[in-house]
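The annotation active site, proton donor is assigned in TrEMBL to A:HIS41. What TrEMBL lists as ATP binding site is A:34-41, A:151-154, A:VAL180, A:188-191. Among the features that TrEMBL reports, (R)-pantoate binding site is placed at A:GLN65, A:GLN157. The beta-alanine binding site feature in TrEMBL is assigned to A:GLN65.
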Protein chains: 2
Amino acid sequence: MGKVMRVIRTVKEMKGVVRAFKRVGKSIGFVPTMGYLHEGHLSLVRAAKKENDLVVMSIFVNPIQFAPGEDFERYPRDEKRDFNLAEKEGVDIVFVPSVKEMYPRKNLTFVEVEEITQYLCGGKRPGHFKGVTTVVTKLFNIVMPDRAYFGKKDFQQFKVIKRMVEDLNMDVEVVGCPIVREKDGLALSSRNIYLTEKERESALALYKSLLLARKLIEEGETSAERIKEKMKEFILSFPHVKNVDYVEIVDQDSFKSVEYVKERDLIALAVFVGDARLIDNWVVGEEL
Amino acid sequence: MGKVMRVIRTVKEMKGVVRAFKRVGKSIGFVPTMGYLHEGHLSLVRAAKKENDLVVMSIFVNPIQFAPGEDFERYPRDEKRDFNLAEKEGVDIVFVPSVKEMYPRKNLTFVEVEEITQYLCGGKRPGHFKGVTTVVTKLFNIVMPDRAYFGKKDFQQFKVIKRMVEDLNMDVEVVGCPIVREKDGLALSSRNIYLTEKERESALALYKSLLLARKLIEEGETSAERIKEKMKEFILSFPHVKNVDYVEIVDQDSFKSVEYVKERDLIALAVFVGDARLIDNWVVGEEL
């Protein structure tokens, strides 16, 4: 039996506890989440446990990173289930602030990464990354982690946060962890819960289109335009695909589109399957 | 004879030194400046020395808080003089990074306080406070102060930084210190060096217009409009006044204009005297 996980709901208590640990020289690994945990989140916890004395997970569905009309209200929440999964995985402290606790009055201060947030999900969800970088800054200031763990399913988010940390001289190592997939290849996401059984089959379109891209590249195709076109066509052949939000092939640092594909480029896509907006990506040359 | 002051020019060394002090439980007082020190800065150092084990001063003329056409290039710099003054006052560490050290590549990440930066100097100098809050965040992350000291001559800056710290859950106490004036009332400013002898006389217009406002209020005047009009007229009667940038009477929290003056309201002004843009202010009911 492991230790009992501590549940903290206030900024004040979280700050106090963390600072006590820091004073005695303990290192802190931090896994920020929006809850409704899956194996992807748990893989971050395992990475954090290996490298730190203490693992803190936050569960907070951050309203300011959702645009009006997005799924803030219906985003899945299940605290009890999350606490069980987190405790079993060995999380030491779970930080679950209310919206009021995180934003006690109108928030006027924002942290924004420019340029690289104009593309992909940033282009399609204006204000999204501004909400993400602002809440992550707040969480970093509260939790004071030595290392923070992010999944590479949100590859752009991972890079945006890395850039923010470097630009603002924050004292955190930002660690990116590989995408975790179901046996059939579907990238794990809390939003997969939105899918009906039939839609779940169509959701494989994302992963399979990345396999297609890899095959085309292996066969010698270099034109980003042709690869993207073939991917889109392929994705739209799945019955429950409503809409391809984007398929892009970009430089993984600038996030600008490339004309010819090369190693390290990022192939990223967002697709609406039923009511769920799903994302996936592959860095050319890496495992898939 | 006091201790020798340590001069640090790199972020890495500054971070290392500060963290060593933090580990042994020392508190850090921080005085961020753009150098060309005067008695105002030194009063901040004295306040910091009273309340902290260690006093760190930064000297950095931050390019991103100057708009094109402002005085970034000609802003007065004199390192030797500054080091002497700082050391005499008991500063333990002076942090003097180069622009390249603070911005090693194009900075993409900005911290911005919205709404309250739209008025007064924020309204007249677009982007100014965005540059200030960004560099102050960087400096806070590097220096990790327990307390940071700001002069209330830049009253709006003091409040903007206070708001930023609260909104982002930063672990710093923001301390505002009273304006330091010459014997005749001129608020100390590094920019006073721009004034010729004749202009120096006209620069008193700012302080004297605040005295006029106080007198009007004491006599029962409550109309912000009438007070502002009389102040402007008075200021423009000084020979070397080029232009009144603004005279405003605002709520000191929202920075919105008030119609009727009451205690705690802020009377703030910016005036071009010769080539110098000078600012001053008075909080109604406080000392002047």
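Cβ atoms here come from the backbone N, Cα and C positions, even for glycine.
Please treat TrEMBL annotations as automatic predictions, because they have not gone through curation.
TrEMBL feature annotations superimposed on the structure.
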residue  : record                    : DSSP (3 states)
A:MET34  : ATP binding site          : coil
A:GLY40  : ATP binding site          : helix
A:GLN65  : (R)-pantoate binding site : helix
A:LYS152 : ATP binding site          : helix
A:GLN157 : (R)-pantoate binding site : helix
A:VAL180 : ATP binding site          : coil
A:SER190 : ATP binding site          : helix
If I take the alpha carbons of A:SER190 (ATP binding site) and A:GLN157 ((R)-pantoate binding site), what is the distance between them in whole Å?
16
Near A:GLN65 ((R)-pantoate binding site) in space, meaning Cα within 10 angstroms, which of the recorded positions do we find among A:LEU37, A:GLY40, A:HIS41, A:VAL180?
none
If you measure from the C-alpha of A:HIS41 (active site, proton donor), which of the binding-site residues A:LYS152, A:GLN157, A:VAL180 fall inside 10 Å?
A:VAL180
Using a 10 Å radius on the Cβ of A:GLY40 (ATP binding site), the other Cβ atoms enclosed count 20
Taking the Cα atoms as reference points, how far is A:GLY40 (ATP binding site) from A:GLN157 ((R)-pantoate binding site) in Å?
15
Out of the recorded positions A:HIS41, A:LYS152, the residue with the smallest number of other Cβ atoms within 10 Å is A:LYS152
Taking the Cα atoms as reference points, how far is A:GLN157 ((R)-pantoate binding site) from A:MET34 (ATP binding site) in Å?
14
